[in-house]
Amino acid sequence: MLSRLLSHDLPRSKLLAAILIAIVLGLAFAPFLFPGVKALNVAAKVLIFVVLVAGFDLLLGYTGIVSFAHTMFFGIGAYGVAIASTRMGPSWGALAVGIGGALVLSLLLSLAIGLFSLRVRAIFFAMITLAVAAAFQTLASQLSDFTGGEDGLTFKLPELLSPSFEPFETEVFGVLIDGKIITYYALFVVAVVLVLALLRIVNSPFGRVLQAIRENEFRAEAIGYRVVVYRTLSSVLSALFACAAGAMLAIWLRYNGPDTSLSFEIMMDVLLIVVIGGMGTIYGAVIGSVLFLIAQSYLQDLLRLGSEATAGIPLLPALLSPDRWLLWLGLLFVLSVYYFPTGVVGRLRSRAAAKP
Amino acid sequence: MTTRHIDFKPLLLVPALALLALPLIGSGSTWLTLTVAGLAMGMIIFIIASGLTLVFGLMDVLNFGHGVFIALGAFVATSVLGAMGDYTGSGDIWRNLVAVVPAMIIAMLVAGALGLAFERFIVRPVYGQHLKQILITMGGMIIGEELIKVIWGPQQIPLPLPGGMRGAWLIGDAAVEKYRVVAVIVGAVVFAALAWTLSRTKVGLLIRAGVQDREMVESLGYRIRRLFVGVFVVGSALAGLGGVMWGLYQQNVVPQMGAQVNILIFIVIIIGGLGSTTGALIGALLVGLMANYTGFLAPKVALFSNIALMVAVLLWRPQGVYPVANR
């Protein structure tokens with residue numbers, strides 16, 4: 001049963017299995033285990049990033065295509081919910097219209113980019129998507145009548161999902177259940193379903209063709225698979241998952257702006273998570289997201305301590321300033337590409353496989 | 001590959017675009033101003049893009065971190081020009097050049113030195129692996145950008161034009177800014193020097209041969225790896241020079257400028273055909289003109305216009321106007 005649910009793609013390492021179970025349990029009971037607003041925010045962001053990154057891994061890890069336009073679809077999803085909810089008022093209809101519209105737009109846009117540029121080599125595609133994503137970001141901040149410009153949009157959601165909704169008179173296991181926690185569980189269910197769907201996709205015959213294309217495009221074409229078609233499908237699917245993740249983000253924050261969902265830093269984060277977790281493994285996205293978001297949320301505090309401790313020494317405080325945390329992430333990124341090419345999951349799996 | 005005549009059709013694109021814009025803009029003097037501005041911007045972009053396209057053509061490495069050399073060059077120039085206030089403040093262009101020329105040379109040296117380190121530590125371990133190249137050079141760019149913020153601070157720094165280069169000449173009703181003419185001259189000099197090196201010297205012969213068929217050149221006994229490091233360093237130094245010019249063009253510099261310019265450069269070398277210097281020149285001029293015309297006609301779609309241009313060119317010639325790499 002479990003094996004079928006995971007599409008027979010089991011962790012294949014006891015340690016990896018234990019970590020994954022701990023993560024799933026931790027996320028499932030996060031509101032009860034880790035009290036406080038910040039912790040719940042981190043947990044919700046983990047759920048959103050798991051979907052975003054696993055979708056990206058379908059493209060990068062399984063098909064071997066580098067796209068820099070993934071945050072564009074993330075942004076489309078978030079703007080879809082934000083714009084529909086602002087225009088139509090807080091209702092389920094607005095949510096459905098927003099998400100549906102965003103999914104259709106993502107589908108058409110990714111299809112257009114894919115058909116236009118996937119005929120050329122991976123390196124071309126990366127450049128073209130970078131340009132398109134930059135143009136889209138400019139567009140989003142310039143169409144201020146529609147997107148709220150740089151300020152973004154703050155909006156309300158249906159009552160069930162708003163923080164003031166409190167269905168129970170008393171606390172449940174010491175936690176007051178409100179709309180925020182209901183939203184969290186809605187995201188949790190969506191994230192689980194989407195990740196299982198992705199596992200299903202990559203372990204289907206379709207997923208195997210993608211891997212074949214990644215390994216040797218020429219041979220895949222020679223066997224008779226239309227490489228362009230498969231690449232385009234992979235890119236469209238990946239865009240749809242990113243769009244869904246964007247909608248989740250907007251629902252959680254009840255706000256969206258260009259920096260929240262479209263900035264290039266998010267693209268960098270996604271790349272880093274994929275590389276750290278392990279390319280070509282959906283589980284890598286889960287582990288990478290947890291590690292990265294915890295580090296991101298607490299690394300700045302650590303750097304602040306380091307910066308204060310080295311206050312007398314020249315240059316070091318500037319290097320350790322909390323504002324320079326991207327420097328350390330960049331360094332970590334380069335070093336992981338160098339020394340850690342298969343990521344956490346790859347490492348754990350090869351260790352388990354090496355044991356007799 | 002067999003014919004020797006020059007393919008002239010792409011060369012006509014630049015005047016065609018300029019002529020097409022004339023009736024849309026209407027006023028001849030405005031058109032002249034915009035055209036000179038576009039050519040100047042194009043020349044600066046060409047200086048930056050030439051190194052990148054050669055590195056790609058020669059070694060099949062696309063450096064996503066190329067932008068960091070641009071930013072570095074520009075920031076070095078702020079320090080050098082800032083220290084020579086006596087010379088930059090003067091209205092005499094010869095006194096200005098005493099400050100600007102050393103600033104350019106130092107920027108090129110620093111950017112070239114960083115290029116050497118970048119090739120050694122970032123690019124060398126990932127030859128032949130496109131996926132990793134894209135990822136790791138991107139990481140290198142993030143690190144470089146953050147280090148610039150550590151040294152010069154994260155804020156925008158003004159880079160005012162030297163006194164003698166400010167202002168404009170009036171030709172009829174058209175105002176032609178002096179600095180733009182300077183930029184066109186510098187760009188033309190760089191293009192001429194590159195074209196001469198590539199077509200008339202032995203090093204150029206080896207580079208061209210290496211772009212066509214690397215293994216053959218190696219088997220003839222030339223160390224193409226060393227040649228490549230040289231091209232990489234020169235390309236980085238040119239990006240540094242381009243950074244100084246771009247910074248003076250914008251009159252201010254920000255640490256993120258490398259990433260911003262990177263996008264324009266990618267469009268340019270895709271249009272031009274990866275690996276082609278002449279293609280990069282045509283692409284850069286087209287992008288420069290397009291940016292200035294649409295910036296005047298419809299400011300909101302300026303960035304899209306370049307992407308539309310790229311799409312149009314790729315529909316006509318999917319490998320760029322002058323495809324070089326035959327792999």
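Each position is counted from 1, following the chain as shown.
Glycine is treated like the rest: Cβ placed from N, Cα and C.
Just so you know, TrEMBL annotations are computer predictions that nobody has curated.
TrEMBL lists A:15-34 (among others) with the feature transmembrane segment.
Marked as transmembrane segment by TrEMBL: A:46-79 (among others).
Residues of the same chain lying 6 or more positions beyond the ends of the transmembrane segment (A:91-115) and with a Cβ under 8 Å from any Cβ of it are 69, 72-73, 76-77, 79-85, 128-129, 132, 157-158, 228, 231-232, 235-236, 238-240, 242-244, 246-247, 251. The transmembrane segment annotation in TrEMBL covers A:91-115 (among others).
According to TrEMBL, the transmembrane segment annotation covers A:122-140 (among others). Beyond its flanks by at least six residues, the transmembrane segment (A:122-140) meets 64-69, 71-72, 75, 79, 113, 116, 147, 258, 262-264, 267 of its own chain at Cβ-Cβ distances under 8 Å.
What TrEMBL lists as transmembrane segment is A:182-202 (among others).
A Cβ distance under 8 Å defines the sequence-distant neighbours of the transmembrane segment (A:223-251), meaning residues of its chain 6+ beyond its ends; these are 47-49, 51-52, 54-56, 58-59, 62-63, 65, 67, 70-71, 73-82, 95, 98-99, 102-103, 106-107, 109-111, 113-115, 118-119, 157, 161, 183, 186-187, 190-191, 194, 198, 201, 206, 209-210, 212-213, 217, 260-261. The transmembrane segment annotation in TrEMBL covers A:223-251 (among others).
Sequence annotations record features per position, and here TrEMBL assigns transmembrane segment to A:271-295 (among others).
Away from its own ends, the transmembrane segment (A:302-320) comes close to residues 327-328 of its chain (Cβ-Cβ under 8 Å, at least six residues beyond either end). If you look up TrEMBL, you'll see A:302-320 (among others) marked as transmembrane segment.
Long-range Cβ contacts of the transmembrane segment (A:326-346) within its own chain (Cβ-Cβ under 8 Å, at least 6 residues beyond either end) map to 16, 265, 268, 271-272, 274-279, 281, 283-284, 287-288, 291, 299, 303, 319. Positions annotated as transmembrane segment by TrEMBL: A:326-346 (among others).
Across the candidate stretches A:15-34, A:46-79, A:271-295, the maximum count of CB pairs under 8 A to the transmembrane segment (A:182-202) is reached by A:46-79. Sequence-remote contacts of a segment are chain residues at least 6 beyond its ends whose Cβ falls under 8 Å from one of its Cβ atoms, and for the transmembrane segment (A:271-295) they are 9, 11, 16, 19-20, 23, 42, 45-46, 49-50, 53-54, 56-57, 60-62, 195, 198-199, 202, 211, 214, 329, 332-333, 336-337, 340, 342-347, 349.
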